[in-house]
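Student: First, the structure itself, so that you have it in front of you.
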Amino acid sequence: MPVKRVIGIALAGTAVLAPAVACSSSGGGAKPASQGQQPAISPSASPEPPPEHPFTGQPVAARRPVLAVKIENTASGKPQLGLRSADVVYVEQVEGGLTRIMAVFSSKFPAKIGPVRSARISDLHLLPMFGKPALAYSGVQSKMIPLVQQASLYDVSDSAAPGAYFRQPGRVAPYNLFADTKKLLAKAPKATKARDIGFTFGDAPEGGTPRKSFSVRYPAARFTFTWSADQKRWLVAQDGKRDMAAEGGQLGAPTIVVQYAKTTRSEFHDFTGSYTPLIQSTGKGKAVVLRDGKAYQARWSRPDEKEGTEFTTESGEPMNFGRGQVWVVLAAPKPVQP
């Protein structure tokens, strides 16, 4: 808790001023003090730094509501729009060994975001750590509808907030559904504002292994993160191709967290019969944290769904992230297709 600093100011009283005036009348004493003379003030302490955003560690004036958006992550839906503005980017395995993204926004919001796609059961287990955020998505399996209705979130899907969505020219369905973030948030005025989700930011711990790149494999997808010393971030490539943003430039982040989590078969499946993976995002496990051109062996812990995920070094110290966007790549210890 910041400590308030009190500056003491000593004011000269009239009893002190009277002798000074008497001496000056003889012509050899001190000059009379002018009535406009200001008392001396001790130098003030440097101002407190602005608070840090709990998702990025960057200075922020005020905490804003949390908006999570489900985004397509296959070649058919790229390049994605608005992903560069996300505070946290979660990569999740879905049916067929592919991946989908859940992007979390709070410190800043892009005007438009997309392509917006359907939600998965693992999202409902991740989101409670954010309180009751707004979730933008395009449909869910019919059996999941009751679970979404009971979940700790504000539903701003294309069904609940149709006026916030539009079809982007030049793209084909279903990869042309985009959303206006301002309209999404207007439909969830009570969405929880950003709060602590377990992340810590600051100087890197000692140790770490220098790495030029690091790869994560899924049954039908492969991510490669390559360190750019010039940009001071890890650049993202998927399936051998650079992951470009629709706004221009390659996607990337100062911190990539590869969170190894048990992945099992859920009760849900798609129309082809492929089962939906269920990512166990509570409990404990191992992780690799990429920052500053190094890979750090780490551990993660999340006792309860309403709590954040804490990351520590192997010795138990906080595993600080670099300030800025964070990617959390949720992956099974070994590629598995439930």
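Just so you know, the numbers here start at 1 and follow the chain as drawn.
Just so it is clear, glycine is given a Cβ too, placed from its N, Cα and C backbone atoms.
What TrEMBL says about a protein is an automatic prediction, not a curated fact.
Predicted, not measured: the structure shown is a model, and the values here were computed from it.
Look at TrEMBL and you will find 32-45 tagged as compositional bias 'Low complexity'. What TrEMBL lists as domain 'DUF3048' is 56-191, 215-328. The region 'Disordered' annotation in TrEMBL covers 26-58. Among the features that TrEMBL reports, signal peptide is placed at 1-22.
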Student: What does DSSP give as the helix, strand and coil breakdown of the domain 'DUF3048' (215-328)?
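Tutor: Per DSSP, the residues of the domain 'DUF3048' (215-328) fall into 0 helix, 70 strand, 44 coil.
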Student: On the 0 to 100 pLDDT scale, where does the domain 'DUF3048' (215-328) sit on average?
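Tutor: Here the mean pLDDT over the domain 'DUF3048' (215-328) amounts to 96.
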Student: How many helix, strand and coil residues does the domain 'DUF3048' (56-191) contain under DSSP?
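Tutor: Helix, strand and coil residues of the domain 'DUF3048' (56-191) number 37 helix, 38 strand, 61 coil.
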